[in-house]
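For His66, Asp104, His312, Glu316, the entry in TrEMBL reads divalent metal cation binding site.
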Amino acid sequence: MNLRELVSALNDFASPSLAESWDNVGLLVEPSPPHTVNTLFLTNDLTEEVMEEAVQKKADLVLSYHPPIFTPLKRVTWKSWKERLVVRALENRIGIYSPHTAYDAIPHGVNNWLTKGLGACTSVPLHPSTAPSSPAEGTHRVEFCADAEHLDAVLSKIKDIPEISCLTTLPARVEGEEQTRVSLNCSQKALLEVVALLSQNSLLYHKTEILLLQKPLLPHTGMGRLCTLSEPVSLSAVIERIKAHLRLPHVRVAVGAGRTLESPVKKAALCAGSGSSVLKGTEADLYLTGEMSHHDVLDAVANGISVILCEHSNTERGFLSELRDALTIHLQNKINIVVSEKDRDPLQVA
């Protein structure tokens with residue numbers, strides 16, 4: 001499969017537009033074209049040990065859930081391990097693609113997989129995603145009517161304001177007079193300038209309507225999940241379910257104030273990876289994530305919310321097997337898909 005064709009298919013599987021704004025997703029390293037991909041190599045973290053495995057297995061593209069290039073690289077030398085990853089990838093004609101938080105958001109992604117550890121439940125995103133292309137531009141729509149005397153002068157000034165889009169004019173009849181209805185989309189910053197301009201003419205200003213453009217929510221898509229269990233179970237039972245699902249001998253647990261290990265869990269909020277910012281303020285019996293700051297754990301416990309921490313990548317890595325099967329179908333069995341055997345969480349209990 002041609003690399004660009006494969007990247008397009010991967011983007012269809014999980015649109016990079018669903019990723020968080022701070023993230024670095026998509027194709028990160030591209031060998032010179034044309035580049036054919038026979039073997040796609042899946043890993044949660046691309047370390048040097050994992051890159052060596054990818055080379056040995058003759059991978060043509062590495063899909064690394066976490067982006068190995070996150071902060072900008074000022075040089076590509078043999079000095080640091082992340083730079084060496086890029087060097088080795090290019091020397092061996094291996095591309096690198098990362099989906100990261102796009103996979104967190106999609107309905108068939110990492111967080112959905114993590115909910116399966118709770119047992120039978122229904123779930124909704126904690127922070128729903130909005131449709132990225134609707135509306136295409138602007139945060140607000142401004143509409144006003146102007147007569148022929150003022151129209152040209154106002155339009156001329158509006159066109160000089162940055163971040164104005166979708167400017168249209170239509171004939172209108174207002175109180176028996178022939179006028180022109182002007183409609184435009186603008187950013188929050190531009191809105192202030194448009195309003196200031198229109199307020200200079202009281203007739204225009206009184207005929208102005210301002211609409212907030214809200215993008216529609218995407219069903220079952222977004223960051224984190226709030227899960228309602230079909231039947232309440234004890235905290236201790238949930239702990240055992242999570243350990244079995246993630247194949248972990250140990251997890252870290254903080255029991256909420258006024259609760260015990262036998263207290264029932266009906267609602268659980270979860271977020272793969274580092275979930276503090278996503279979970280914060282959510283009302284639930286339990287928070288499930290990889291890692292949280294000490295003070296965020298204290299806040300949760302003080303509010304009667306128990307916390308289960310499994311270490312960052314342990315809440316993500318198990319998804320790779322499910323991803324392999326899903327991509328095999330999505331890519332119509334056109335390429336060989338391999339899951340890393342060397343990829344592992346860097347932390348262990350000693």
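All residue numbers here begin at 1 and follow the chain in the order shown.
Cβ coordinates come from backbone N, Cα and C, glycine included.
Bear in mind that TrEMBL entries carry predicted annotations, made automatically and left uncurated.
The structure, with features from TrEMBL marked on it.
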| residue | record | contacts (Cβ under 8 Å, 6+ apart) |
| --- | --- | --- |
| His66 | divalent metal cation binding site | Asn44, Asp45, Leu46, Ser98, His100, Ser313 |
| Asp104 | divalent metal cation binding site | Val110, Asn111, Met223, Cys271, Ala272, Gly273 |
| His312 | divalent metal cation binding site | Gly273, Ser274, Gly290, Glu291, Asp345 |
| Glu316 | divalent metal cation binding site | Asn44, Tyr65, Val110, Ala272, Gly273, Gly290 |
Sorted by sequence, non-His66, Asp104, His312, Glu316 residues with Cβ within 8 Å of centre, divalent metal cation: Asn44, Tyr65, His100, Val110, Ala272, Gly273, Ser274, Gly290, Ser313, Thr315
